[in-house]
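Novice: Below you'll find the structure I mean.
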Amino acid sequence: MGLHESQDSTIYELIEFILDDLIQFINVTELGKEIFPIATFFDKNDIIRTLMEEKIDFYSRSVDNKVIVNFDEDIFRYLINLEEFDINAEDKNGNTLLHAAIDQGKSEVVKFLTSYKNLEVNTKDLGGNSPLHLAIKSNNPEIVEMLLSYENINVNEKDKYGDTTLHKAIRSYNHKIIEMLLLREEIDVNEKDNQGETPLHGAVKSNRPEIVKMLLSHKNMDTKQKEIFSFLEISREDEAKTPINDGVSILGASEAESYGESLHNKDASSYSL
């Protein structure tokens, strides 16, 4: 056994000794708040259960939410139901329980948390990501669906780069997630990021014609964008090489939009599409 393992074992034995033999002689509240972080560090759920059984006040906000969401279910539920427990509190890393559960892929924890009416579902972490942003980045349609069912969810929330949930969904290439977002009445399909690009730009840049068509068919798509990009898609798919086709092949999405707009303002009948 190495020195580090020996120290770990000694600390663990000391905690057990305190709980078994000295608990009646000390301030149990202060004890609990000291032991809880140590027990979580050593992943000793049995010690935490002893604190629970002895009805010792042990909860401490010093423990990261990513640790809390990985507790066994009985411990997690015990903590959540404590009067002093704030379900929306951020840890030192800026993560709420919801952020942490999504990051860890804990769909059952997300389901449990979204059953609370006071859950703040749009809180951003230090990176500017809402829980819905994280679920989309994680490519997890199950959790995305849970979040979308929550009453106050904001599907147009932006991160620090100006990306909406739809911008992120386009990058995920997950059709199911994109479809779920496009079905939302309040979704803004024309919102621009900090670079001035819409989700449609992203789909064109990524060469995802099937996603481009999904966006173009949306009832709220900006008419100007719809006309320009529909015009470009026709030229891109046409086997005959036309001036428009060549332009779309050579230029990037941003330049292609400008190129398409200039052509669109001319008499398109002069080109064989």
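Quick reminder: no glycine exception, Cβ is built from N, Cα and C everywhere.
So Swiss-Prot lists the following for this protein:
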{"type": "REPEAT", "residues": "31-60", "note": "repeat 'ANK 1'"}
{"type": "REPEAT", "residues": "93-123", "note": "repeat 'ANK 2'"}
{"type": "REPEAT", "residues": "127-157", "note": "repeat 'ANK 3'"}
{"type": "REPEAT", "residues": "161-191", "note": "repeat 'ANK 4'"}
{"type": "REPEAT", "residues": "195-225", "note": "repeat 'ANK 5'"}
Novice: Report, as numbers and ranges, which residues of the same chain sit near the repeat 'ANK 2' (93-123): CB under 8 Å and 6 or more residues beyond its ends.
Specialist: 64-66, 68-70, 76-77, 80, 87, 129-132, 134-135, 138, 140, 142-143, 146-147, 149-150, 152-154, 157
Novice: Can you work out which residues elsewhere in the same chain, 6+ from the ends of the repeat 'ANK 4' (161-191), have a Cβ less than 8 Å from its Cβ atoms?
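Specialist: Distant contacts of the repeat 'ANK 4' (161-191): 128, 130, 132-133, 136-137, 139, 141, 144-145, 148, 155, 197-200, 202-203, 206, 208, 210-211, 214-215, 218, 220-222, 225.
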Novice: Averaged over the whole of the repeat 'ANK 2' (93-123), what is the pLDDT?
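Specialist: A mean pLDDT of 95 is what the predicted model shows over the repeat 'ANK 2' (93-123).
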Novice: Reported in the order helix, strand, coil, what are the DSSP residue counts of the repeat 'ANK 5' (195-225)?
Specialist: 18 helix, 0 strand, 13 coil
Novice: Summarise the repeat 'ANK 4' (161-191) by DSSP state, stating how many residues are helix, strand and coil.
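Specialist: Each residue of the repeat 'ANK 4' (161-191) counted once, the result is 16 helix, 0 strand, 15 coil.
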